[in-house]
Structures are given as C-alpha cells and as structure tokens.
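Pulled from Swiss-Prot, these are the features on record:
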BINDING   8-11, LYS22, GLN73, 78-79, GLY140, GLU155, ASN228, ARG333, LYS351, TYR366, ASN377  UDP-N-acetyl-alpha-D-glucosamine binding site
BINDING   ASP103, ASN228  Mg(2+) binding site
BINDING   ALA380, ASN386, TYR387, SER405, ALA423, ARG440  acetyl-CoA binding site
REGION    1-230  region 'Pyrophosphorylase'
REGION    231-251  region 'Linker'
REGION    252-466  region 'N-acetyltransferase'
Amino acid sequence: MDLAAVVLAAGRGTRMKSRRPKVLHRVAGRPMVGYVMEAVREAGANRIIVVAGYGHEEVAAVVNELGGEVVVQEPQLGTAHAVLQAEEKLADHRGQVLVVCGDTPLLRGETLSKLAVRHREADAAATVLTAFLDDPTGYGRVIRDAAGRFVRIVEQSDGTPEELAVREVSTGVFCFAAGGLFECLRRISPDNQQGEYYLPDALIVYLKNGLTVSTCPVEDPAEIYGINDRRQLAEVERLMRSAVLDYWMGEGVTVVDPASTYIDRAARIGRDTVIHPSSFIEGDSVIGEECEIGPNARLVRARLGDRVSVQYAVVLDSTIGERTTVGPFAYIRPGCEIGAGVKIGDFVEIKKSVVGNESKIPHLSYVGDAVIGEKVNVGAGTITCNYDGKKKWTTVIEDGAFIGSNTNLVAPVTVGRGAYVGAGSTIRRDVPPGALGVARSDQKNIPNWETRIRHEKKDNRQNNDK
C-alpha cells in the first residue's frame, strides 16, 4: 500500500493562551503531534508531511526528530490551503493520502487502517472518517440525502438549525486518492463566513464531477477528541493516562491507586512491580521486575534494575542497579550510576556520581562528582566539597573504605581502598589505602563552665532591673 499522510498542525491554538504551538503541548509525556505521527505510521504511511504555521521552527525540531517532514503554511487560509502546501513534497506520490489533525492524540493507527481499506474497497476519490456524537457542537455535520448517500459537510458556523441538529459529524480525518487531489483543492472557493478554503469543500468538487465520496464510521468517538484549550488538554491527559495504567495492570504491574498514579506512554515496567500512590514515572523510564515504587516517588528517564525500592524520592536521568533501596526523601540528580545492593537513605542527595555495589549512604549526606567503590560506608552528615567557585572537582572513595559521620571531603581528594576517615574530619589530602585519616582540632574542656554561665546570667538580670 502506497500511503502518505498530511498532518495539519498550523494553528496557533489561541484558546490555549500559550506561546507554545498547540501541537507541541504534551500528553502523557509526549507532544500531541507525536501520537498522531505514530498513528499514521502504524496505518502504513511511509511518508509524513506536517503542515506547520505558528512556531514552525519549534514544530520542525520535534517533527524531524520523529522522522517527518515540515512545510509551512503562511498565511493560514484554511484546511484546504494547508493541504496544498504539501503538493511539492507529494508531487510524485501515486497512492493514497491520509489527512489528519495534529491535535487528536487519541487517534489510533488501527482506525486509520480501516479508513484506508474502506477507501480502496469503495474505489473512492475521497473517504471521510465520521463519528456519532451526543453533543456535536463545534464539528462539521455530515449531511446525507434521503437514500443515505453523502451530500456535503456543513461547518458549525454555516449550518441551518436543521443541519446543526444532525449528530453525525466529520472528524476532520480524510483519505484521498493522490491523483487529482491538488487540482481539486485549487478549485475550491472561500464562500463561507470565515473566508477560508475548507478541505470538506473538496468533496463537493468530487461529487460534481461524478466521483465517489464514501464514509467510514469510527468505533470509539473518543479517538477524535480534539484539543483546543487547557480543559480539553486535561481531559485527554486523563483518558490517555487511564489507558496507559490499564495496559500495565494487564501486563502484571500492580497500581495501588490509579487515580493518583501518572505513567508516561514511553515508560516500560517489569512484572510484579508495585506502584504505590502519588507516584510519577516520566519519559522513557525503564523499571525492572518486582520493584517497589512510591509512595510519593518521581522517576524521570530513570533506569531501574529488578527489586529496586524507591520511596518518597526523586530519581532523574540516572541508572540504579538491582536490589538497591532509595529513600525516603532522597534526591538522585542526573548522571548517576548506582550499583546493585546499594542503600541510599533519608535526606541523601547524589549528583553526577558513581556508587559501587553494596555501598551504603544511609542518611544526611551530599555526594557530588564522586566515584565511590564497592562496599563503602558513608557516615551521616558526609559532604563532598566538589566546587571551588570556578570548577567542579572529583572525590574518589575506593572499595571498602569507611567514612565517619560529619566528614567533609574537599575535592580533589582520594580515600584509598580499605581506608578509614575519623568522624568530624575535614579531609583535604589523600588518605592512603588502609590508613586512618583524621583532621580535626583537639578537644578542649573548660572546667566549671556551667557555674560561670549561671553567674553571668544572674548578673545580667540584676543589671536589667536597675
């Protein structure tokens, strides 16, 4: 099947009240135009042309990364005019052309495949994807004759009361035979209240020339739900999120409270993992089997091995090995590689660091720009002092080292294999393997301090009373 697709994405989306092009607003972690491109590709489209307008450079950056091409519609004179902008790109195309809207992220590839099949079976010049809606407000109505044959599509602003009472609507999705399409579009006139060139008017041109226009109903009208404002964006997000959660529960993942769980479409989760309430799994995060996520966890582009626990914690752009526990109240910043069997405890922040297998950073520590070996113990209150005001420096803690509580490691510095650092130390020079490093002032005890303080307080009170 020689199938191309034109995605209409030129509108600014004024009701969104946003500087961002409408089709780049995200649903379940992806720009909505990405879902539409995925759907037409699943339907068999081997070439995807996206018609952009407002913010076309931003749109092109996303579309090109997803394997599509962009043409610019300027000025924006309607949907037929938009499709005409793809003429040069499709000059040699001889098959079929799908035309879809870039703001319908729930549209499925299976539905578009059925549309293309119906189009071929009917030997039609054009086929319209239609839907029956309880409230068709805002959609073009499908008008038929007494025999049920397609006659035309009437836009909301142009319809009579009788026409606007029709519940069958055009979804804005079409399949055209490429031959003659652009010639047909050039014959359309802007005879409507908006003064625009409407794509549905091409159907009238076809019918006047004795060509066939067929229709294909969509099974689930939710698929054609378009996004024009923030409320609709939230509703589509809800529908998409529900579908994603339903899929993963069907794949053996426990979601304790779907109402408070957010999983992006690109995420991957292993079986027997449990997702607790108020958890967010974003981007292309990958979670292994038998993990415990949450409650109150946020994972962004994270890679987790099997049997990892993340509770009340944030993990960003980092890798965590199997059997590791993170949290509560831990913060794993981008660029971290955490090994297997590691403990990252409460109020620990790690940034751009490597932590070896079976090491422990149990609580109240900052580890930045560090390389920590295997079976290292980092005591409470340990700080890697990695920044001198101009440059970030590396701290190295080799295998089996023991760092006492309340320690400052002033980078660049290395604590050797099996070495110890005494609690309360500020380490500025390397500690050799197997050695004990201690760097702190000697303790000084002042006798009778409590008695002295008590007398000073009494004298102060007497002076204040005078």
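The backbone N, Cα and C atoms fix where each Cβ goes, and this holds for glycine too.
Since this is a predicted model, take the numbers as computed values, not measurements.
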Query = If you draw a 10 Å sphere around the Cβ of ALA380 (acetyl-CoA binding site), how many other Cβ atoms fall inside it, taking every protein chain shown into account?
reply = 19
Remark   = Those binding-site residues from ALA380, ASN386, TYR387, SER405, ALA423, ARG440 that fall inside 10 A of ASN228 (UDP-N-acetyl-alpha-D-glucosamine binding site) by CA distance are none
Request  = Kindly assign SER405 (acetyl-CoA binding site) to one of the three DSSP-derived states: helix, strand or coil.
outcome  = coil
Task = Quick one: of the binding-site residues ALA380, TYR387, SER405, ALA423, which has its CA closest to the CA of GLY140 (UDP-N-acetyl-alpha-D-glucosamine binding site)?
result = TYR387
Remark   = Of the binding-site residues listed (ASN386, SER405), the greatest number of other CB atoms within 10 A surrounds the CB of ASN386
Inquiry  = Just checking a number: largest C-alpha distance across ALA380, ASN386, TYR387, SER405, ALA423, ARG440 for the acetyl-CoA site, rounded to a whole Å.
reply    = 22
Spatial neighbours of LEU8 (UDP-N-acetyl-alpha-D-glucosamine binding site), counting only the binding-site residues ASP103, ALA380, ASN386, SER405, ALA423, ARG440 and Cα distances within 10 Å = ASP103
Ask   = What's the CA-CA gap between GLY78 (UDP-N-acetyl-alpha-D-glucosamine binding site) and ALA380 (acetyl-CoA binding site) in angstrom, rounded?
value = 65
Remark   = For SER405 (acetyl-CoA binding site), the spatially nearest of the binding-site residues LYS22, LYS351, ASN377, using Cα atoms, is ASN377
Message = If you measure from the CA of LYS22 (UDP-N-acetyl-alpha-D-glucosamine binding site) out to 10 Å, which binding-site residues from the list ASP103, ALA380, ASN386, TYR387, ALA423, ARG440 are inside that radius?
response = ASP103
